[in-house]
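All remarks here apply to the structure that follows.
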């Protein structure tokens, strides 16, 4: 269930002593462990995110006393909060109680105001472990004053009355009558507009300060265009120029003051053809006049560039410097073309979207991309030609995707896509595409965070290359087990020793001690073993066993039979003597009180003389290294690690793994937490994993129906509650009463 309740608290005329800001009080008392400050539903106050983790968010003692006292002394209160709950969860928003019980069902009855001073005030949970709320909480306040809900309405200073509602109803009726009158007037106005639209009004055009009537034509010689007024819009076309059809001894050239080319005599000199007025530099400067090349005299200006930087332009007699602006000489180009400087001359070039007329770029005309199929309009669009360009308009009923395509609906913009929150939505013509954001993997509809080296030891990848480690592990990839024993995070009893386990620890009885059966977690239940009384000592011959804390001693009384010597391979070894085993040079034997003991030699890897055959864990050669199962980490011989609840070790290039040894639990109920390898004791049987479902056992639900063990069913009248029959007794918490029923476990689920 996702909800967002927003209240604004102003507090008109309310004594501040009768208002309690729960979140501020928790913050001042540093009682916000287990929750994270986040951006709330608004920025006017602090907001905190309550995650699905262990936490204890309760008010300090002085605030608890104040709340209880106000409840006992006042007859009315208002609880205000802004919340946004995580989807598919249930939890307690605010709780005041005396003892620890588990809540399975909640019924809203008139609240009990007479609270005891021993009550606790909790936020976002019922108690230490139960009813954990998941989501964001903001603006949590208790106001002990009559009609204090008025603080939610800043513009009201009293409680709304029936008269207020009657006035509101009358106002709505008056507005309805006014709407009916305005509708009649609007219909009349529309009928008049229809009549006006049937009248034909002549539209005029204005161009160059002159007003033209509809369908009137005129010529613009300066632009070489024929123009006309068409329904109030000026439309112009380039003056059509017929082919010049010049004779063999003439060329068509542009003549100043005319729009079309004219025939003029041409000159031919040294295999070159020149038009009227063009010049050519041979030994002297000559010019084409009336079809003949005549000599002319031209004084060339002095240039401010070197000879290598000078060039001779086409049809010129004088050099110029490179980079000369030919267009500055006034080459005339039409309105749809522009002058371009070339290496030795200037020429006209059509603008984008225009084409030359009869191969002459001096005057250009628009290209109709829609007719010539030179457009880029996609499906669901209509091509509209523009001067020098075109436009793709969406067909009726379609919305734009980009400049060239349209679609029926934009699922991305409307929030109706199937994309994951960590995906990028791209609208397409026939739907949309989902692609995961960088750092996430999936098909777009489902995107999960990706950690390149993975999260080990049951860790969870919550964001790109970010792992959340389970309890007892740390490291970037949860690869490091927290050694609670080495870091002195726990204290075991003197008769026990701390044994580190993956993600956990265990207080194990020392040699010479055993547990008395109570299996206390700190090892204080370890008691001494009397080896003398249990006949588990190794005293030889006539020696006397003497029990000691954690061990025993052998005392010799008298006589040679109490020497403690040992027989070994038809020889005699003295008490306390050590020697090498005859068949295994890696073992060392010793004589102790008449008995022979053999054990593997201790390995000292720092000693260069260490025998690698006896101590393979000291082998540091590359050929003896091992690769982790994930393929990302290389271990040396003798290194160990944990993988899939197995203890693994590298020995001479080979990986040996064996199941982790979990301590024997003497408790009745146990549960295995996700991400851990060994079970823990639990007191709540509903949380246990080791309860066998005996079909011979039954439960009776509140409706009187008999249910078999492990059966589940929805609670009548409460669709968000699921019940399950377990072979145990659980407790339902109801207001002011504790009712114990057998074998019916009810859970909230949304």
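Backbone N, Cα and C atoms are what each Cβ position is placed from, and that goes for glycine too.
Not measured: the values here are computed from a predicted model.
If you look up TrEMBL, you'll see 203-264, 624-682 marked as domain 'VWFC'. The domain 'EGF-like' annotation in TrEMBL covers 366-407, 408-448, 449-479, 481-519, 528-563. Residues annotated as disulfide bond in TrEMBL: 451-461, 469-478.
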Measuring Cα to Cα, how many angstrom lie between residue 469 (disulfide bond) and residue 461 (disulfide bond)?
-> 9
What is the interatomic distance between the Cα atoms of residue 451 (disulfide bond) and residue 478 (disulfide bond), given in whole Å?
-> 12
Listed in sequence order, the residues of the same chain lying six or more positions from residue 478 (disulfide bond) whose CB sits under 8 Å from its CB are 455, 456, 457, 458, 459, 467, 469, 470
List of residues, in chain order, with Cβ under 8 A from that of residue 461 (disulfide bond) and at least 6 apart = 448, 449, 450, 451, 454, 455, 467
What DSSP reports for the domain 'VWFC' (203-264) is 0 helix, 29 strand, 33 coil
For residue 469 (disulfide bond), the number of other Cβ atoms found within 10 Å of its own Cβ = 22
The domain 'EGF-like' (408-448): which same-chain residues, six or more beyond its ends, come within Cβ distance under 8 Å?
-> 378-380, 397-399, 401, 461, 463-465
Counting only residues 6+ away from its ends, which parts of the chain sit with a Cβ under 8 Å from the domain 'EGF-like' (366-407)?
-> 336, 351-355, 427-431
